[in-house]
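Participant: To start, I am sharing the structure in question, which I have written as structure tokens.
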Amino acid sequence: MESLDRRRTGSEQEEGFGVQSRRATDLGMVPNLRRSNSSLCKSRRFLCSFSSEKQENLSSWIPENIKKKECVYFVESSKLSDAGKVVCACGYTHEQHLEVAIKPHTFQGKEWDPKKHVQEMPTDAFGDIVFTDLSQKVGKYVRVSQDTPSSVIYQLMTQHWGLDVPNLLISVTGGAKNFNMKLRLKSIFRRGLVKVAQTTGAWIITGGSHTGVMKQVGEAVRDFSLSSSCKEGEVITIGVATWGTIHNREGLIHPMGGFPAEYMLDEEGQGNLTCLDSNHSHFILVDDGTHGQYGVEIPLRTKLEKFISEQTKERGGVAIKIPIVCVVLEGGPGTLHTIYNAINNGTPCVIVEGSGRVADVIAQVATLPVSEITISLIQQKLSIFFQEMFETFTENQIVEWTKKIQDIVRRRQLLTIFREGKDGQQDVDVAILQALLKASRSQDHFGHENWDHQLKLAVAWNRVDIARSEIFTDEWQWKPADLHPMMTAALISNKPEFVRLFLENGVRLKEFVTWDTLLCLYENLEPSCLFHSKLQKVLAEEQRLAYASATPRLHMHHVAQVLRELLGDSTQLLYPRPRYTDRPRLSMTVPHIKLNVQGVSLRSLYKRSTGHVTFTIDPVRDLLIWAVIQNHRELAGIIWAQSQDCTAAALACSKILKELSKEEEDTDSSEEMLALADEFEHRAIGVFTECYRKDEERAQKLLVRVSEAWGKTTCLQLALEAKDMKFVSHGGIQAFLTKVWWGQLCVDNGLWRIILCMLAFPLLFTGFISFREKRLQALCRPARVRAFFNAPVVIFHMNILSYFAFLCLFAYVLMVDFQPSPSWCEYLIYLWLFSLVCEETRQLFYDPDGCGLMKMASLYFSDFWNKLDVGAILLFIVGLTCRLIPATLYPGRIILSLDFIMFCLRLMHIFTISKTLGPKIIIVKRMMKDVFFFLFLLAVWVVSFGVAKQAILIHNESRVDWIFRGVVYHSYLTIFGQIPTYIDGVNFSMDQCSPNGTDPYKPKCPESDWTGQAPAFPEWLTVTLLCLYLLFANILLLNLLIAMFNYTFQEVQEHTDQIWKFQRHDLIEEYHGRPPAPPPLILLSHLQLLIKRIVLKIPAKRHKQLKNKLEKNEETALLSWELYLKENYLQNQQYQQKQRPEQKIQDISEKVDTMVDLLDMDQVKRSGSTEQRLASLEEQVTQVTRALHWIVTTLKDSGFGSGAGALTLAPQRAFDEPDAELSIRRKVEEPGDGYHVSARHLLYPNARIMRFPVPNEKVPWAAEFLIYDPPFYTAEKDVALTDPVGDTAEPLSKISYNVVDGPTDRRSFHGVYVVEYGFPLNPMGRTGLRGRGSLSWFGPNHTLQPVVTRWKRNQGGAICRKSVRKMLEVLVMKLPRSEHWALPGGSREPGEMLPRKLKRVLRQEFWVAFETLLMQGTEVYKGYVDDPRNTDNAWIETVAVSIHFQDQNDMELKRLEENLHTHDPKELTRDLKLSTEWQVVDRRIPLYANHKTILQKVASLFGAHF
């Protein structure tokens, strides 16, 4: 079988014959798998060959589920192949058939029937396809039968080929032959097509061949692949081609699968066949068992596209049905047919103007009214755009083209013309999205589902510009709850502009943010997010502690634990642990919000669980944290702009980002975090600056206000934790710190006054010191003394004096009075040190915020000066212990002497308060780090030179101390100029050394001669080594160290002011909390504190000035004031942004572009106005000419004048319109063009009958239409009372028209109609079909449409209004399988008053009452109905009666509702069950078109909204 297949396919190229012209109906579609250059992206799943296991699965699955078609009976055809061989009717030769197909000659002469002679067999062509001589491009291919179910092909593509479900189908159709496009237009098309496919995750479906529009698409994908990287995305291009038309297809036949199959692209030898395009990624090759027959793939492709478009795809957290759009380039008759079918199926089409032929014809007439699209106009356009084949067009074809183009243009909502350079359509991707939105907006839906669908598309594709201009308009008022699902989707997919848009359109975060929403957001963090990994660690730790097998579910207290690590332990948990962690909540492990596009309310799918508190304390804070931890810059900025406690929020975000940046491994992400942290710090500075300018006192309150939302911390504490030096160095904050530093003293007091009062405190009573509060000036002496000595500045200086006294006493004891038995001075030092120990202990255990001992210890030892204090105290204790033991007295004194150095170093902390010396401490710290790393470099040279020198000079030195001296110590001193005297041999002396190294106080002598008086080592070598060592160590390395110091100094010096201002806070805070008495008198304060805490159990008081808990009302007022000033800050920022030169240039450019567009539009309007005026003038001249012609003719007939000299006043016009056509053109076009439209649809409903095309101008019977030859169709109906079936007038001879014919009323509301050859003629004109069609009677078929309405009322009973007008509700019904509703009416039985359908939904006992209501109703319409079932000889006429219930308590209304039922029990055996509902009257109600017109008249009758 395999060899036969190969032989058969091998001769297909030579034996092809009679190839039909290809139908250019190639639709296209692009997937969104990430793709780049194949040589760089070998790991891509569809470019890599399947693994052996996958190949085996595919080799077994495809033959079982996918078939091919083979001709099993050879029936000789009358035609020969191109090589002159006999072929079968299928197009293949004898050799290309199976053995069972070769039958005796008895089968010859019989007609070949594909239904009998073609059978399905397991396919033998599938696998990977490799195009030879074209690098290493690899695709997928499969040969399928034309009857293969679409679901099987879809399963193959998504499950076995591994394609992601598309977000969009782009069906590209157009010219099947090569055509030329402008370079710019070609570039725009290629770029836009690939862009929309790559960014939206679309599939592009084309015909797959290497010609025409398919080649254009392939080249677009190729260009993208060559210029992109693996990360930029992959474009999936699927070619659906006919197997029997593929050149060189024999190489694709592999019964067990080709992995890979090589395919040669041979354009020169393809003949009438076609080659596959090498730039397509997947091929579906449709087989019907024939050879050389084009268009076989069209039905399967149409079904496949329809099947895929009915699937649901989730994108950006939103589930929508996969939309489809048709993109048209160039094309011929087949393309026109494809566009026509797409428009009729509701598929939006994008026509690329400038691509040629059909596309340009449609683009040229798309803006014209349908009445102006005439046969002559289309003929003129065809002569321009189809110059080569215009002569082959017949009159029937031109009429058909005119009719189809009229129907296409009539549905403008589905037609989008892409014009190069058109405003708002700079690229094809914008045109495609606009086409989908325009089509969606035109659909009929109840309520907001239609707008919701449009918004889903815009969010899924991240096109906020179109959403702003096309969706959020005055046509629909969005409710905030309707936007909540979209808001969640925008947040998860990081689309900040949509978040801003939703906030602008009414979304309130307090209503949007719930516990379930937050959990949804946190559960859907990106796995690469650092916060996500931290959460996983917390959950794993909880699982470990609980000895649980499964990972616990995420709760907000887990998030709070991670946040506390980032914010610092000065904050409390933002989300406390709930009492019941297993409370009911939504399971949101997947970020998708299930939203069905077709008529399901968003609100019904976005309900929160009830029974517990759902809303958070501060929703803006919660969203802000979520955005910040993911480093979403724009999103965080938008949410911060909504925050109330904005200064604290900005500082907290700065802290979180800086902490995350320390752990982030990705350098780029870390830098972005730091940049965003700086941005938030600047925002905090900006808001605080506005507040401080407005009111200094209230601004300073903001600094120390306890923020409940941010863990009961303060703005100042957050800034310090985040090390926001710029914020802390702000003038307002420094003024506040200065105020705290001076306590209740005036800042104007000089330091010398403070010191004098400390030395002579009675000066306090003389007014020598001034206080901030005037009341202290007049208070009694104790209050003034207390205020003075409690000021931090006084406490600081008193402690300085005390510390200097301690150091002096310590030095005195060490140098003068260090006795075997301690003196009173030494005992005083012990007491002094004990007071220092007590103070350090107090600082360690002081925990007013309840952080815990371990955390307080961690915070305590995080300070360098505290470490130094502890080290000095411990060293003192060690020295004291040794000192008290007589045997270790001297070592004890040494230890205490070293300890004195540490106590002296502690003095540097005092310099922090100095603006000059404070930054220098930082410089010293950083230089010490520089020295530490520098020593590693220096050690290399020191050790290398020292070892070499020691080895050259000294032989076998065994004393370790002298080795160390020779290698390290002497080498180190050499750097500073202490060069050994003997190294050059000049000052060599044996007296200064020990020959054998026996003298412990002398070094061993260098190598000497046998006399021992002269050196034996090479002096030149040691001198050379010394010079090199000094060059590198003394010059190079020391200068490097100096340069490092200089860099450190310059770096710190640039930020001296900020560093000093930041440092002084720690000192101020320390002395603000210290007891007022200095050591050792501080022991009294410690004793008092001990009694309060231990004995009296009095808790520690907070520092009121550094942490202030405000009353609720005061806090609310303060935050409102801050919010107001934040708005001022944001406005100033926007103004400054607009004043930037770059922004001004951009604004000017946009204004110039707008002005140019307006001028162009004005020119077009003027040109159009001129053309209209000329046409009007031409028509007036024609009328005058005809009038004069009539006058002349009348005068001549009356005997006035002779006919010989009469002038011809009616000249032959170029268009030569008859009078009837002139009257047609005078008609004003209405929405229905003035003619019946539905009655002229080419395909008759529920039948495979095609109407004869009837353009608008040929509708009236008076218009001459010589080629009019409509088919005849009369359906057989199972109703007894119907007219007979027949295409002749004989069976109808007994029918009497224009009268009441027995029980049938054949009179028309439009008067007497014409009866021609026994058939009545439709009074509205031609329809393109003769006969009765599916109607019951020839002539008029009368129907009744009751329009039952009532006012729409709210829960309170008041009438609802929209745009000032009252709103109506109408009673409608529909079949379960129908998408549209209808009025409860229809045809009536002869002699009956109520329609049949109305009787089925109304109980029989109410029929008489309803007839009474009909007689009392108001007739709103009576006449012809434009129905698709109408024909030339049968049509529908209706009477519409309005039945309105003004009062909701109307007894007849209640009876009507009681007697309505969903279906008639007698009709249970039928599939015609009707349902009824009350629906709001609106122009978008999904109602049949003719019924909607009636409903509009009823709304106008009552002045209601429509």
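Placed from the backbone N, Cα and C atoms, the Cβ positions cover glycine too.
Below are the features I grabbed from Swiss-Prot:
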type: TOPO_DOM; residues: 1-750; note: topological domain 'Cytoplasmic'
type: BINDING; residues: T173, N178, R301, G332, T335; note: ADP-D-ribose 1 binding site
type: MOD_RES; residues: T738; note: phosphothreonine
type: TOPO_DOM; residues: 768-792; note: topological domain 'Cytoplasmic'
type: TRANSMEM; residues: 793-813; note: transmembrane segment
type: TOPO_DOM; residues: 814-824; note: topological domain 'Extracellular'
type: TRANSMEM; residues: 825-845; note: transmembrane segment
type: TOPO_DOM; residues: 846-864; note: topological domain 'Cytoplasmic'
type: TRANSMEM; residues: 865-885; note: transmembrane segment
type: TOPO_DOM; residues: 886-893; note: topological domain 'Extracellular'
type: TRANSMEM; residues: 894-914; note: transmembrane segment
type: TOPO_DOM; residues: 915-926; note: topological domain 'Cytoplasmic'
type: TRANSMEM; residues: 927-947; note: transmembrane segment
type: TOPO_DOM; residues: 948-967; note: topological domain 'Extracellular'
type: MOTIF; residues: 976-979; note: motif 'Selectivity filter'
type: TOPO_DOM; residues: 983-1019; note: topological domain 'Extracellular'
type: DISULFID; residues: C993-C1005; note: disulfide bond
type: TRANSMEM; residues: 1020-1041; note: transmembrane segment
type: TOPO_DOM; residues: 1042-1076; note: topological domain 'Cytoplasmic'
type: TOPO_DOM; residues: 1096-1506; note: topological domain 'Cytoplasmic'
type: DOMAIN; residues: 1350-1501; note: domain 'Nudix hydrolase'
type: BINDING; residues: S1378, D1427, R1429, Y1488, N1490; note: ADP-D-ribose 2 binding site
type: MOTIF; residues: 1386-1407; note: motif 'Nudix box'
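Surface or core, plus neighbours and distances: that's what I need for these features.
Facilitator: Per-residue confidence over the topological domain 'Cytoplasmic' (1-750) averages 79 (mean pLDDT, predicted model).
Cβ contacts within 10 Å of G332 (ADP-D-ribose 1 binding site), excluding its own Cβ and spanning all protein chains shown: 19.
Around the Cβ of T738 (phosphothreonine), the same chain contributes V747, each under 8 angstroms and 6 or more positions distant in sequence.
If you look at the topological domain 'Extracellular' (814-824), the same-chain residues 6 or more away from its ends with a CB under 8 A from one of its CBs are 830, 886, 889, 893, 896-897, 900.
Sequence-distant neighbours of the transmembrane segment (825-845) (same chain, 6+ residues past either end, Cβ-Cβ under 8 Å): 806, 809-810, 812-813, 817-819, 853, 856-857, 860, 866, 869-870, 873, 876, 880, 1074-1075, 1079-1083, 1086, 1089.
Panel annotation: around the transmembrane segment (865-885), residues 830, 833, 836-837, 840, 843, 891-896, 898-899, 902-903, 905-906, 909 of the same chain, lying at least six beyond its termini, place a Cβ under 8 Å from a Cβ of the stretch.
Taking Cβ pairs closer than 8 Å, the topological domain 'Extracellular' (886-893) reaches residues 814, 818, 820, 879-880 in its own chain, all 6 or more past its ends.
Among residues of the same chain six or more beyond the transmembrane segment (894-914), those with a C-beta under 8 A of the stretch's C-beta atoms are 796, 800, 803, 806-807, 810-811, 814, 865, 868-869, 871-872, 875-876, 878-880, 882-883, 920-921, 924, 1060, 1063-1064, 1066-1067.
Residue counts for the topological domain 'Cytoplasmic' (915-926) under DSSP, helix first, then strand, then coil, are 9 helix, 0 strand, 3 coil.
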Participant: So among G332, T335, C1005, all listed as recorded positions, which is physically nearest to Y1488 (ADP-D-ribose 2 binding site)? Use the C-alpha atoms.
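Facilitator: Answer for the nearest of the recorded positions: T335.
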Participant: Quick one: do the transmembrane segment (927-947) and the transmembrane segment (1020-1041) reach 3+ CB pairs under 8 Å, ignoring pairs fewer than 6 apart in sequence?
Facilitator: yes
Participant: For the disulfide-bonded residues C993, C1005, work out the Cβ neighbour count at 10 Å and name the residue with the minimum.
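Facilitator: Among the disulfide-bonded residues C993, C1005, the lowest count of other Cβ atoms within 10 Å belongs to C993.
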Participant: DSSP on the topological domain 'Cytoplasmic' (1042-1076): how many residues come out helix, how many strand, how many coil?
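Facilitator: Split into helix, strand and coil, the topological domain 'Cytoplasmic' (1042-1076) gives 30 helix, 0 strand, 5 coil.
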Participant: Taking just the CA atoms, what is the gap between C1005 (disulfide bond) and T173 (ADP-D-ribose 1 binding site) in Å?
Facilitator: 100
Participant: Going along the chain, which residues at least six beyond the ends of the topological domain 'Cytoplasmic' (1042-1076) come within the CB cut-off of under 8 Å?
Facilitator: 716, 720, 723, 725-726, 728-729, 734, 737, 740-741, 789-790, 792-796, 798-799, 839, 846, 863, 909, 912-915, 918-919, 921-923, 926-927, 930, 934, 1082, 1085-1086, 1089, 1103, 1105-1106
Participant: Given the recorded positions T173, T335, C993, find the one whose Cα is closest in space to the Cα of R1429 (ADP-D-ribose 2 binding site).
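Facilitator: If we rank T173, T335, C993 by Cα distance to R1429 (ADP-D-ribose 2 binding site), first place goes to T335.
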Participant: Can you tell me which of the binding-site residues R301, G332, T335, D1427, N1490 is spatially closest to C993 (disulfide bond)? Compare CA atoms only.
Facilitator: R301
Participant: Please identify which of R301, R1429 has the densest Cβ environment, defined as other Cβ atoms within 10 Å, among these binding-site residues.
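Facilitator: Result for the most crowded candidate: R301.
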Participant: Long-range neighbours only, meaning 6 or more apart in sequence with Cβ under 8 Å: which ones does D1427 (ADP-D-ribose 2 binding site) have?
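Facilitator: When sequence neighbours closer than 6 are ignored, D1427 (ADP-D-ribose 2 binding site) has S1238, A1239, W1435, I1436, N1490 within Cβ distance under 8 Å.
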Participant: Please work out the helix, strand and coil residue numbers for the motif 'Selectivity filter' (976-979) from the DSSP assignment.
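Facilitator: Across the motif 'Selectivity filter' (976-979), DSSP assigns the residues as follows: 0 helix, 0 strand, 4 coil.
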Participant: Determine which residues of the chain contact the topological domain 'Cytoplasmic' (915-926) at the Cβ level, with the cut-off under 8 Å and only residues 6 or more beyond its ends counted.
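Facilitator: Distant Cβ neighbours of the topological domain 'Cytoplasmic' (915-926) are 864, 908, 1048-1049, 1052-1053, 1056-1057, 1059-1060, 1063-1064.
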Participant: By a 10 A CB contact count over all chains shown, which of the binding-site residues listed here is most packed: T173, T335, N1490?
Facilitator: T173
Participant: Take the Cβ of Y1488 (ADP-D-ribose 2 binding site) and count every other Cβ within 10 Å, whichever protein chain it belongs to.
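Facilitator: Other Cβ atoms found within 10 Å: 21.
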